[in-house]
Amino acid sequence: MPRTPSYTNTKTTQVNNVTEITVFILLGFTDDVDMNIFLFILFLAIYVVTLIGNLGLVVLVIEDSRLHNPMYYFLTVLSSLDACFSSVLTPKMLVNFLSKNKSISFAGCATQMLLFVTFGTTECFLLAAMAYDRYLAIYSPLLYAVRMSPRVYVPLIIASYTGGILHATIHTVATFSLSFCGSNEIRHVFCDIPPLLALSCSDTHLNQLLLFYCAGSIELITILIVLVSYGFVLLAILKINSAEGRRKIFSTCGAHLTGVSIFHGTILFMYVRPSSNYTLEQDMVVSTFYTIVIPMLNPIIYSLRNKDVKEAMRKLLKRKLVHE
């Protein structure tokens, strides 16, 4: 559907005869009212399921003492990240689906980018740390408690957040140091980096290189950690004679590998490509998938085949029903 130019809430500032934009318009998926109502209902349902699933998993780990080990502590942090990740973007999207005023301030756009890149990058590092945790638990189970003590997993979690904050700060500062003096319409549902670079009237060549090499380096390092960790896990599996033992390991590791594959696959598609291959409409759908849909899927992926989580869930529900 062709779009009509949006002039509402187009605030600009005149600086040295150059009009600087102070408010952006998030165009979203479509102008069709009925489709926007459908999208509102769909994304509201996804958001509710995301919060219930992720926060429910956090409560489950806190409540059940059998889940008090590093593997589930990492899972708790991942669930908290996913709840925050979704909450940074979804509420504004929901408002825009039903509103004619789809504006977001310059500062609001920068804040949104800073937060979602922080949570997204932190999740990359955390998934690598979780793979390393699985390697230690399976390859050297007798030394697991020592090698993955609080003195190890707490710094890993802190390092993941630190890396996420640093990466997000670099891109947010680099992006919002550019000049925006033409159209203020962002062809996206949130303030992502590629559509903002496309909107800038400055030379964005260095920004594109920064995005490619920073995102590419993080992807390369974290995926390499995952592959090496699971290489050792595979060696450990080959040494196990028990079919039941192998099934248990595949059940635990399969969930993590599924989550890693989906997350990193979409990240690679989004950010580690030549700029000539970018299609903003296509990227909008893909980025919405990894920022909105994946946080909903993670609790399902990590708990669906996990006997300990399902047993803890049954016990918690039973206890609640008895008290009622």
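Placed from the backbone N, Cα and C atoms, the Cβ positions cover glycine too.
Swiss-Prot assigns V61 and V309 to topological domains of the same name, so the membrane does not separate them in that record.
Within the chain carrying the transmembrane segment (38-58), a Cβ under 8 angstroms from the stretch's Cβ atoms is held by residues 29-30, 75-76, 79-80, 82-83, 86-87, 90-91, 93-94, 97-98, 292-293, 295-296, 298-300, 302-303, 309, all 6 or more beyond its ends.
Sequence-remote contacts of a segment are chain residues at least 6 beyond its ends whose Cβ falls under 8 Å from one of its Cβ atoms, and for the topological domain 'Cytoplasmic' (59-66) they are 72-73, 75-76, 308-309, 311-313, 315-316. It is 15 Å from the Cα atom of N101 (N-linked glycosylation site) to that of C109 (disulfide bond). Broken down by DSSP into helix, strand and coil, the topological domain 'Extracellular' (88-111) contains 17 helix, 3 strand, 4 coil. Of the recorded ranges 67-87, 146-166, 209-229, 250-270, 284-304, the transmembrane segment (112-132) has the largest number of C-beta contacts under 8 angstroms with 146-166.
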